[in-house]
Amino acid sequence: MQLGVCYYPEQWPRDMWADDAKRMVELGITHVRIAEFAWSRMEPRTGEYEWQWLDEAVETLASAGLKLVLGTPTASPPRWLIDAHPDVLPVRADGTRWNFGSRRHYDISSETYRRECLRIVDVMAARYGQHPSIVAWQTDNELGCHETVPSYSPAALERFQKWLKQRYETIASLNDVWGNVFWSMEYPSFESIGLPNLTPTDANPIHLLDFRRFMSDEVSSFHREQIDVLRAHAPNADLLHNFMGFFTTFDHYDFAKDNAIDVATWDSYPIARTESIALPEEQKARYARTAHPDVSAFDHDRYRAIGGGRFWVMEQQAGPVNWAPWNPVPAKGMVRLWAYEAFAHGAELVSYFRWRQCPYAQEQMHSGLNLPNNELSPGGLEVQQAAREIANSAALSTLGAPVRAAVAILFDYETQWMFEIQRHGKTFDYQTLVFDYYESLRELGLDVDIVSSRADLSGYRLIVVPSLAVIDDTLVAQIERSDAQWVFGPRSGSKTEAFAIPGNLPPGALQRVLPMQVLEVESLRPSLTPALSVGGANGTAIYWREHVRANGATRVVAQFDDEWPAILTHGKVRYLAAWLSHELHRTVLEQAARDAGLETQLLADGLRIRRRGDLTFAFNFGAQQVQAPAPANAVFVLGQAGLNTGDVCVWKDA
Ligand code: GAL
């Protein structure tokens, strides 16, 4: 369990640096990330480099014994670069360009910008690549943040046309696959295809989808270009990018493939995230100061898979932040709790944003480990406590590997894009549906891996697919070979790769293992609530329901009050023909877990548990005191079973 911090030496007088470094070490910090926004100080004028300050910052931190993560500065192109190349500014969907004056003001498809990035990255990596204390490099920062991807620029258009040509080869084939006969949308050539913005009504969904696929590839290739330069200069460092929570603009599995990263790192702001995602108001209110108990865990579990087992938290919330609709101070204990939570889910390092609150500019209302006057903040004091606890405990300082869970949830980026392009009902959001299933499994005390539909799923005992727009033969073959229980949610198999309805109706290829057909679908306004009961739990469909027909040996095991089938089973495969109210999801998943031979336990409200190595961690996010479900002979290595709000305990089974 290692702790880190994000530090911006360029924002502070030089005579503070040595003391900062010393105090970081005293606090128990081992890693510092620097430099990711410092381009204007590295190269104040085109081609004029100033490295002396960065040399000194690196040496000051390194000689205090700290390990460094260096960020490439490409998230904040300096003014002179924009003046020389105004077409580097990204273009919004309404056709206007973003201005200089904050950050991320660049067009990811701009070849000029890519060239400029490679130049600065090359010079920087040549200078610092072999430094023994620089253990990792981060490319850019939070690619895609601030809605600067997609960019609707002329450069994007040109590269999109090339991308389409590569994918479809002939314009006749593209017209055919896209179904452009509809509304006379046929194109005479690839050069005549535009970007899918500024159309009077919906653009063709496959046009939108291909543009999103293309943009996802643009993000990956932007990162990959920098990685190739960094690998050449810094062959021994871990290379990484820091991703965001609940963020689906690009396909992170694709991004990470072919060793494009050595470790996945992400930025965890649990309270701000709880405020900004689509949760019921009642939950936002209940968890306003602790964050929803699954909101960080969800991305810990997702990024563990994206990093091939290795993940860090690059930026951890250390107190109130500045960017959510409301920004409360976390409940006492939460900053400490979030660190243990990340470690329980397998993090190697938890690094805080930021060392000291900056009293000027955009983030002056954002806390850090120190107040602007350099006193440890309340969050900083909690980090100090956690660091001491870890240092004083053999069990906590040498954690075992993250355990492979018995349960997998499949998460798929293209499904998110497809159902955003064609929501069909304004409350249908795929990621929210996945989160509801995840929450259900976690409330049952289960550990979960979140993986790609292309992952090898053998070994899992319960595989949960809240939805998957395209079901291909490879996945069906995995189901045929598997002896796990499988649960599929609505809209699974509802589309082809080309964004059309499968010829044999949804769920498409899934019918090979689950004979059934979806005849009609409906999105549900709040007043439409088809009711049902499952295993003693009563609830309704919300947001989405399908009218389905069971074929062959498929059984209908639950139906709605108007007699449409709700849950169908065929051997080990279940299908839920609706988005069900939360308790019903949990009940169905509990039944599936039982059929898979897994033990479940409904945890107290706000309580969560997670196993790592031979330890079990328990966390209380709820308002009431709760008892962690430790066995009578458990040996506690931290805390005890009675947990107040914000408390953590950790035990080993005797
Ligand atoms: C992250 C970003 C940081 C900082 C932080 C504030 O999204 O990477 O640079 O802005 O948010 O919470």
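Each Cβ is built from the backbone N, Cα and C atoms, and glycine gets one as well.
Automatic, uncurated: that is what TrEMBL annotation is.
TrEMBL lists 6-391 with the feature domain 'Glycoside hydrolase family 42 N-terminal'.
Among the features that TrEMBL reports, substrate binding site is placed at R103, N141, W323. Sequence-distant contacts of W323 (substrate binding site), defined by Cβ-Cβ distance under 8 angstroms and a gap of at least six in the same chain, are A272, H366.
Sequence annotations record features per position, and here TrEMBL assigns active site, proton donor to E142. Packing around E142 (active site, proton donor) is summarised by its Cβ count: 19 other Cβ atoms lie within 10 angstroms of its Cβ, all protein chains included.
Among the features that TrEMBL reports, active site, nucleophile is placed at E315. The local packing around E315 (active site, nucleophile), expressed as other Cβ atoms within 10 Å of its Cβ over all shown chains, amounts to 24.
Mean predicted confidence for the domain 'Beta-galactosidase trimerisation' (405-599): the pLDDT average there is 98. If you look up TrEMBL, you'll see 405-599 marked as domain 'Beta-galactosidase trimerisation'.
Residue counts for the domain 'Beta-galactosidase C-terminal' (606-652) under DSSP, split into helix (H, G, I), strand (E, B) and coil, are 0 helix, 25 strand, 22 coil. Here TrEMBL flags 606-652 as domain 'Beta-galactosidase C-terminal'.
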Could you state the whole-number distance in Å separating the C-alpha atoms of E142 (active site, proton donor) and E315 (active site, nucleophile)?
11
Determine which residues of the same chain, besides R103, N141, W323, have their CB within 8 A of the center of the CB atoms at the recorded substrate site, and list them by sequence.
A75, S102, R104, E142, C145, H146
How big is the Cα-to-Cα gap, in Å, between E315 (active site, nucleophile) and R103 (substrate binding site)?
18
Please list, in sequence order, the residues in the chain of R103 (substrate binding site) that are at least six apart in sequence and whose C-beta is under 8 Å away from its C-beta.
F37, A75, S76, H146
DSSP secondary structure for E315 (active site, nucleophile), reduced to helix/strand/coil, please.
strand
